[in-house]
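What follows is a short report on a single structure.
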Amino acid sequence: MAASGDPGSAESYRSPLAARYASREMCFLFSDRYKFQTWRQLWLWLAEAEQTLGLPITDEQIQEMKSNLNNIDFQMAAEEEKRLRHDVMAHVHTFGHCCPKAAGIIHLGATSCYVGDNTDLIILRNAFDLLLPKLARVISRLADFAKDRADLPTLGFTHFQPAQLTTVGKRCCLWIQDLCMDLQNLKRVRDELRFRGVKGTTGTQASFLQLFEGDHQKVEQLDKMVTEKAGFKRAFIITGQTYTRKVDIEVLSVLASLGASVHKICTDIRLLANLKEMEEPFEKQQIGSSAMPYKRNPMRSERCCSLARHLMALTMDPLQTASVQWFERTLDDSANRRICLAEAFLTADTILNTLQNISEGLVVYPKVIERRIRQELPFMATENIIMAMVKAGGSRQDCHEKIRVLSQQAAAVVKQEGGDNDLIERIRADAYFSPIHSQLEHLLDPSSFTGRAPQQVHRFLEEEVRPLLKPYGNEMAVKAELCL
């Protein structure tokens, strides 16, 4: 059955990434309009460079191409592709139809991957340029959150069991550190992208060498000129018909790594929401459950986790594609790449938009945190109590045994009776501990159990985070708005 249907209609499937989640600017980058406009721009750049280097191309032909870059007859292109079974040649003919004087020199010396691969590389670069400031904004919002709560003690968890205290700000810095690594990795891969350039059918530049009658220097100049017109600093020296598909592995790997970071962050937020210590933003009219009106589900964090799994899973596509590219090229990369590259960036875009929205409205409940600390801190403070008793003249061994017995009794109240931890009350009631009764409040001050967490937060933000965000200073004011 032939593919059909209007992608914008209710009767046709449309990717939820485009229909529900991703930003308009990211969707446009992967649209047919942007792709085919870029093909035409590449044909223009090629013709301009060929003319400059002496090929018989007129100013009139160049001007005709310039005037029709956006004049795309998509219906004609679709009919041509149906007839020719070749998307690039369909658009060569469509462009030539509105540029009759230039029709004979469009795509001169080039192969399909001249427009296909070079356009993909332009889109990948520009897509990174959309993601980077979004990620920087997420980091900035979380950095502000961490700074404001650098001193707020909270119960730490290892194995999701109560552990030594940390601070809310320090925990947030764990999230920020991962995202900073992602920001650096995305920027590195973006900056290392190289243009495929002007290489011909199998990467040998044979067609261009023939056009320039064996002049190797002009062929190299042509490659360099088009690369510079496209805004790239370097082009591959070696290609087959395509640029190596290992580039796609690099691109999707750093996006998947970002997905892993976001999944961890949003899982933490979901767990903290269950503990009622922290919540993501919850709108006034938002409904958590159709059956349970009291529910305040962390749906934004759940969405991030859901999409992050998809983003991480996409890395298998470029890995397998690169592994099966026989010799100079096989076409079984094409259909797969049409899906995975766009989906990876639209997914990453959605995740960052959503995480920015979360980070701009995180709510903390200090009283709940304080109550949980009170439940666990007495056990954690026992070593400090023993040390204080020894300093007051007591025996370490006798004190240890007293504490052990009282701790077991308090634990039984918590676990078997569902009561509160009353260890401190038991210590206050025991005359043995009278030498330190006046010290108990000080010994149980949560801030004395957080170590250097506040200092670590401020140093980390000042020395690592703020300098990393500096290049994005002009783009920090943008707020994240979610439609759904």
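Every residue gets a Cβ built from N, Cα and C, even glycine.
What you see is a predicted model, and the numbers here were worked out from it, not measured in a lab.
As given in Swiss-Prot:
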ACT_SITE  His159  active site, proton donor/acceptor
ACT_SITE  Ser289  active site, proton donor/acceptor
BINDING   Arg20, Tyr21, Arg85, His86, Asp87, Thr111, Ser112, Gln241, Arg303, Arg329, Ser334, Arg338  substrate binding site
CROSSLNK  Lys415  SUMO1 cross-link
MOD_RES   Ala2  N-acetylalanine
MOD_RES   Lys147  N6-acetyllysine
MOD_RES   Lys295  N6-acetyllysine
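The structure, with features from Swiss-Prot marked on it.
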residue : record                             : contacts (Cβ under 8 Å, 6+ apart)
Arg20   : substrate binding site             : Cys483, Leu484
Arg85   : substrate binding site             : none
Asp87   : substrate binding site             : Glu81
Ser112  : substrate binding site             : His86, Val88, Met89
Lys147  : N6-acetyllysine                    : Gly169, Val457, His458, Leu461
His159  : active site, proton donor/acceptor : none
Arg303  : substrate binding site             : Tyr21, Thr350, Thr354
Ser334  : substrate binding site             : none
Lys415  : SUMO1 cross-link                   : none
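Under the three-state DSSP scheme, Ser112 (substrate binding site) falls in the helix class. In the three-state DSSP reading, His159 (active site, proton donor/acceptor) counts as coil. When secondary structure is read from DSSP and collapsed to three states, Arg85 (substrate binding site) falls in the coil class.
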